[in-house]
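The structure appears right after this line, and notes come after that.
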Amino acid sequence: MMIPIYIEEKKYMVEDTKNVLEVCLSLGFNVPYFCWHPALGSIGSCRQCAVKLYDNLHCVPDSKHINFGRLVMSCMTPVIKDMYISLFDKELQEFRKNILELLMVNHPHDCPVCEEGGNCHLQDMAVMVEHTYRRYRFTKRTHYNQYLGPFITHEMNRCITCYRCVRYYKDYAGGNDLGVFGVHDNIYFGRVQDGILQSEFSGNLVEICPTGVFTDKTQSKNYARKWDITFAPSICHQCSVGCNIILGERYGKLCRVENRYNSKVNGYFLCDRGRFGCNYIHIKNRPQKLLKKQNNCGYIEINAVDAVQDCVNILKSSNKIIGIGSTRASIESNFALRNLVGADNFYSGMSFFEQERLSLIFEILRNSGIYIPSVCDIENYDAILILGEDVTQTSARIALAIRQAVRSKSDHMAKYVGIYKWQSLAVTNFAQDAKYPLFITGIDKTKLDDIAMYTYYDSVQNQARFGFSIAYAVDNQVSFVKDFNLNGLDITKLDLVVEKLMCARKPLIVSGSNSGSKELIIAAVNIAYALKRKKSDVGLVLVDHDVNSIGLSMMTSKSVDDVFNTLSDTNNGNAVFNTVIILENDLYRHASVAKINKMLSNINYLIVLDHQYNIIQDKADLIFPVSSFAESDGTVINYEGRAQRFFKLYNPQNYDKNSDILESWKWLYLIHDTYVNCTRVKAVNIDYIIDSIACCFPELKKIKYASPKSNFRVHGQKLAQSTHRYSGRTSINANVNVHETSTPINDNTMFTFSMEGNSGNYSKKCSYNQIPFVWAPGWNSPQAWNKFQDQIGGNLYPSDPGVLLFDTGQENKCIDDNLYKSINWLKFASNSLNISKYTNKWIVAPYWHLFGSEETSQNVECIKNCMLNPYAMLNILDAKYINIQENMYIKFTCMDQVLCLPVKFSMDLPKKHIGLPMGFPGIPVFFSGMYVSNIEMMEAP
C-alpha cells in the first residue's frame, strides 16, 4: 500500500513495507550507509545512516523547534504514514561525521596504495559526510592477513566491522568457512586458518565489502584505477545462465570483471567461474596470426587478403562444403557460417545425444506453455524438485537462487506477524531455521544437500523412473509412462515429494542436459505438466551446458555425428573434394578420436576459426584467429530463451596494428562476399546480420530488440565507454610512436572506445539500459547501482536488458488440455528404463565441476589452482569387490580411448558406475552415459 511521508517538507508516496533508507535512496537522496545492502537487509550496526525523525509536521527543524526531532537509524526505521524526516539537519550531519571518524580510528591511511581506491564505498561516504580531519593520534590495531586462495586478497586492517561479509557469505550464500571472531574493537573476519574459500560465490565479497578488506587478486597483475579503465557491458560466457557482467581493459589487457545488475538474471551477484574465469582471452598459445599449411611441413604466416582468397579458392574447388558451428560462438557468428555453407550443410558440432537433448529442450521452450522462470524468479518458489542436475557445478547462479527460495520461508512466516523482510535479524530470530522443501535426485552428493529435505541417489535411469512416478502420482491422466518398477524406492518418500509439490503455491522443477539423460528431461516436463493441470503455478528450469546452446539449437538440429555420416556417404569410392569449416569448436570434446580421424581422412581441406588453441588446429589447412567475446559484439540466448547482447571492449588493432584478429562473423562475411563476388557499398555490420537473422528465423526476430542499433544516440552522441576522468589516453602508445593516435572508431554499436560521448546514464530519465560502467556523482563504488534502478532492488531504467524470445505461459495458470495438443512428442518416453545388466562393463556417470569442466575457463591460471586432479570415482562396494584401494590407479578404455586415473570412493554413487570429471583435459563431455571396459589396476605413472 502506498502511504504519504514528508522528506524535507516535501510529500512523497511510498510503499508501506519499506524502510526509510531504502525509500530515500529510491527517491534519489544521498544517505550514507555501510552495513545495509539491498540483498541482505538491515542490521543497524554501522550507525551511519542516521536521519532525523520528527513527531509531526508542526515540529519542523527550525531554530524554534531544533530539539523536537530525534535521531534514528534509517535502515532500521519502517516508513509510517505522515512521518516527517530531515536528511540535512546540522545535528544530524555532525553525528554522521563523528560516526565515520570513529569507524576510521583503526582504518589505515593507505588509499594511494589500496586497490579499492577510486572504487571504494568508504571513500564515497567520507566525502558525502564531509569528514576530512581525524583526531586519533594513537596506535592503530593491526591484524594478520590470511591466504584465502587464488581469487581474493585479504587486508583485515582496513575493516570497519560492518558485518556485510559474514552476512553474505554465511547467511545468503550458505558458506561455512568464513566467520567473525573476537570482541569489542578487536573483531576479525576470516577463516579459522589460512586456506581457499570453499564457497562458489566467494568472489562477491569483493563488491560486498565497502572497503578494501577483500580485493580481487586477479586484477593485481593488470591493475588500473577505475577512472583509467575502458568498460563495456557484456555477458558471462561460462554457462547457460548468461549473467550480465562489466568488463574493463587498459593497454589491451582485461583488468576488471564486475557484476552488472540485472533484476531478471543475476541481480547483484556472480559465481566465481564467471568472475574469475575470463582471462583465457590472453592465454599465451592463443591463435594470433593467419596461418596456412605449407606442403605438410609446417605453417607460414599470410596476410588477410591472401588468406581470404586462399579460402575462396579452396571452397570453389570443393564439391562439398560443411560448416560446424559452436555453442560458445554468438548467434551472429553461427549465422555467418550457415550463410556461407548453406543451411543444409550447417551442423551444430555437438554429439548426437547432446543435440537430441538440446533439441528436446528447445521444443519444450517453444511449445509446452510451461513457464520458464528467470534466475531471480526462482527465488519466489516454495517447493523445488531437482532431477539429476548438479546445478551448483553446472549453473551456479541458479543454485544461489535456489538457496534464497528455500530460506524465503522465514520471510513469509515473519510477514504474517508484521516483521518486514528487510529486518534480517528479527526474521532469523522468529523463523529460526525454517525452510521450504527442496528435493534432489542425483548420482552423488551435491553442495545443495545441506538444505534439502530429501535426497535420492541412483542411476539416471532410476532417477527418471522416480520422476515419472511423481508425475503419475500427481495426475494419472498426464504421464505417458504408467508401469513403474519401484523396487528400491522409498514409497513414503515418494508420497512426501508428491504431497509437498501439490501443496505448494509455486512449485519448481529443475533438470537439464548435463545429466546425459533425455528421459530425465521428459520426466521433469511430465511433472510440470501434471502440476499445471492441477492449476498449480508451476515453473520449469532446464539447464544447458553452454552460453549459446539454445541459440545454436534454434538454427540447426544436425549433430557432429551427422557430419561423419554425410562425409562417409559422400566419399563412398567417388573422387570428390570435401572441405570442413570449424567455428570456435574443439571437436575432441564432442566426438571420439577415431571418428574425427576418419572424418579427416574423408576431407581434403580443413579450415578453423577460433580464439583458443585446440588439437584440431594442428590438422588445419587454414587458421583464422578470431576475437574472443571481450573483443567482439554479438548475441547469445540463455536457458530461458532470453536473448542478450555483449559488446566489444576494445579492438585488438588499436594496440597492435599488425594483429590479424577479427570477429568470426566478419571473417566469414569477407570470405562469403569474395566467394560470391559481392561488392558492398558499406561494410557488413552487426545490425545487418541481425536483420538477416530475423528474416531467416522468425523465432529469432526479437533479438533486434535486445539492444539499440548502432545509430542510437543520446543528444547526438554515442555512449562513452570510459569515464570523463580517463587519463593518459594520448600517451598510451608513446613508447611506440610519439605522435598521438586518433580515437578508435566503433561502427558496430552505439558505444565509442573513449571518454568522448554521453555518460549520463545515471539519470532516471535515461533512455538506454546497456550500462558500460556504474558511476554517478558522489558514487564511485558498485553501490552506485541504486542510481540506475526504478527502486532499490527493482528494474533498471528504462527496463532490464535482454528480451525473451518465447511466451512460456506465465499467465496461463488455468489451462485446458487443448493447449497441449502440440506436445505429443512427450509420448516417445520409453516404457521401460532398464539398467544395463552387463557384468563386464561400467556406465560413465558425469561429475561436473565449477572449476575445470568448462572449456575455456579451465585454461585460466587461477582456475587451474582450484581444479581437482582428474580421477575415477567408484562405489566403495564395487571397489571392495574388485579389490581396489583409494588413491590406487586404474586403467580402462572408453570409446577407444585409454585412461589411467587415481581412484576415489563414494558411498552414494550407484553400483556398476564409474564417475569421471566431465570436460577435464583428456575427459571429453561425450563420455557421459558411455560404457567403460577392461578396468585393471596399475602402478602410479
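The backbone N, Cα and C atoms fix where each Cβ goes, and this holds for glycine too.
The feature domain '2Fe-2S ferredoxin-type' is assigned by Swiss-Prot to 1-91. Break the domain '2Fe-2S ferredoxin-type' (1-91) down by DSSP state and the numbers are 12 helix, 29 strand, 50 coil.
When other Cβ atoms within 10 Å of the Cβ of C49 ([2Fe-2S] cluster binding site) are tallied across all protein chains shown, the result is 27. Residues annotated as [2Fe-2S] cluster binding site in Swiss-Prot, with similarity to another entry given as evidence: C35, C46, C49, C75.
A Cβ distance under 8 Å defines the sequence-distant neighbours of the domain '4Fe-4S His(Cys)3-ligated-type' (91-130), meaning residues of its chain 6+ beyond its ends; these are 30, 32-34, 46-48, 50-52, 66, 71, 136, 140-141, 153, 155, 157-161, 185, 210-212, 215-216, 219-220, 223, 225-227, 778-783. Marked as domain '4Fe-4S His(Cys)3-ligated-type' by Swiss-Prot: 91-130.
Swiss-Prot lists H107, C111, C114, C120 with the feature [4Fe-4S] cluster 1 binding site, giving sequence analysis as the kind of evidence. Residues within less than 8 Å, Cβ to Cβ, of C114 ([4Fe-4S] cluster 1 binding site) and separated from it by at least 6 positions along the same chain comprise C120, E155, R158, G212, T215. Reduced to three states, the DSSP call for C114 ([4Fe-4S] cluster 1 binding site) is coil.
Per Swiss-Prot, [4Fe-4S] cluster 2 binding site is recorded for C159, C162, C165, C209. All protein chains shown were included, and the count of other CB atoms within 10 Å of the CB of C209 ([4Fe-4S] cluster 2 binding site) stands at 26.
If you look up Swiss-Prot, you'll see 229-285 marked as domain '4Fe-4S Mo/W bis-MGD-type'. Here the domain '4Fe-4S Mo/W bis-MGD-type' (229-285) is broken down by DSSP into helix, strand and coil counts: 9 helix, 22 strand, 26 coil.
Taken from Swiss-Prot, the feature [4Fe-4S] cluster 3 binding site applies to C236, C239, C243, C271.
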Here the binding-site residues are C35, C162, C243; which one has the lowest number of other Cβ atoms no more than 10 Å from its Cβ?
C35
Let me know the most crowded of the binding-site residues, choosing from C46, C111, C120, C236 and counting other Cβ atoms within 10 Å.
C236
Limited to the domain '2Fe-2S ferredoxin-type' (1-91), I'd like the whole-number average of pLDDT.
89
When distances run from the Cα of C35 ([2Fe-2S] cluster binding site) to each of the binding-site residues H107, C159, C271, the nearest one:
C159
What subset of the binding-site residues C46, C111, C236, C239, C243 lies within 10 angstroms of C162 ([4Fe-4S] cluster 2 binding site), using C-alpha positions?
C46
I need the nearest neighbour of C165 ([4Fe-4S] cluster 2 binding site) among the binding-site residues C75, C111, C236, C243, C271, using C-alpha distances.
C271
Can you check what DSSP calls C162 ([4Fe-4S] cluster 2 binding site), collapsed to helix, strand or coil?
coil
Which residues in the same chain, at least 6 apart in sequence, have a Cβ under 8 Å from the Cβ of C239 ([4Fe-4S] cluster 3 binding site)?
R273, G274, T394, S395, A396, R397, H545, D546, V547, E854
What whole-number Å value do you get for the CA-CA distance of C75 ([2Fe-2S] cluster binding site) and C271 ([4Fe-4S] cluster 3 binding site)?
28
Sort the binding-site residues C46, C111, C236, C243, C271 by C-alpha distance from C209 ([4Fe-4S] cluster 2 binding site) and give me just the closest.
C46
